[in-house]
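Q: Following this message is one structure expressed as structure tokens.
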């Protein structure tokens, strides 16, 4: 199953969206929300770390990890390392991003884990971690038997895409939730910041969709190791 578009050509579009999304979330958190800080009397600066790391670190780097295994015209061993390392960085930054949200809540005397966004977030990061560990053990080191790898690959791909789709959807929920809180506190519903947050969410969704499309696009002709097992 594949889309009749070469993966390396299609990948240019999500790369551009990734840059746009990264710039937009940084403008929002730094220009409109006052900046980023791990320790501050202004606890909102601590929270600002959360959307930045979850979008740039988790969604974008996670998407780049997925696309790298399909669109890069490299040897299987090299692509496997790139795929593994990018996912590891995404997972680490995602964990730090979630911790930043807990830190903000705890220091602001706000309850934790009361929203759908937070419930999904914990579930997604746990599934992401399990998926990474399983992939590392079976496909990288020590590596499973050939039969196990062959049977595991379709499930590894499908579960990975499912978790990633959930992550993108939950990011959109997060933008909506935060914007709703801000608007209930007096932020103009049709102001520049509100538009920026909404467009950032749209760019995030489009990026995620194109990452998925890239998986089903045509791999480089000399590539026998991509997601063909789907």
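Glycine residues also receive a Cβ, built from the backbone N, Cα and C atoms like all the rest.
Because TrEMBL annotations are produced automatically, they should be read as predictions rather than curated entries.
So TrEMBL lists the following for this protein:
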- 12-33: transmembrane segment (TRANSMEM)
- 13-216: domain 'Cytochrome b561' (DOMAIN)
- 45-69: transmembrane segment (TRANSMEM)
- 81-102: transmembrane segment (TRANSMEM)
- 122-141: transmembrane segment (TRANSMEM)
- 153-175: transmembrane segment (TRANSMEM)
- 195-216: transmembrane segment (TRANSMEM)
Q: Rank 12-33, 45-69, 122-141, 195-216 by Cβ pairs under 8 Å to the transmembrane segment (81-102) and hand me the top one.
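A: It is 45-69, which has the most Cβ pairs under 8 Å.
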Q: Who are the chain neighbours of the transmembrane segment (122-141) in space, where the CB to CB distance is under 8 Å and they lie at least 6 residues beyond its ends?
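A: Long-range Cβ neighbours of the transmembrane segment (122-141): 62, 80, 84, 87-88, 90-91, 94-95, 98, 113, 148-149, 152-153, 156, 159-160, 163, 166-167, 170.
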Q: Could you pull out which residues elsewhere in the chain have a CB under 8 Å from any CB of the transmembrane segment (195-216), counting only those six or more residues past its ends?
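A: That would be 1-3, 5, 7, 10-11, 13-14, 17-18, 20-21, 24-25, 27-28, 32, 55, 59-60, 63, 66-67, 70-71, 157, 161, 164-165, 167-168, 171-172, 175-176, 178-179, 227, 230.
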Q: Which sequence-distant residues neighbour the transmembrane segment (45-69)? Criterion: at least 6 residues beyond either end, Cβ under 8 Å.
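A: Here the qualifying positions are 7, 11, 14, 18, 21-22, 25-26, 28-30, 33-39, 79-80, 82-83, 86-87, 89-94, 96-98, 100-101, 103-104, 107, 128, 160-161, 164, 167-168, 171, 174-175, 178, 200, 204, 207-208, 211, 214-215, 226-227.
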Q: So what's the average pLDDT for the domain 'Cytochrome b561' (13-216)?
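A: Averaging the confidence scores along the domain 'Cytochrome b561' (13-216) gives 96.
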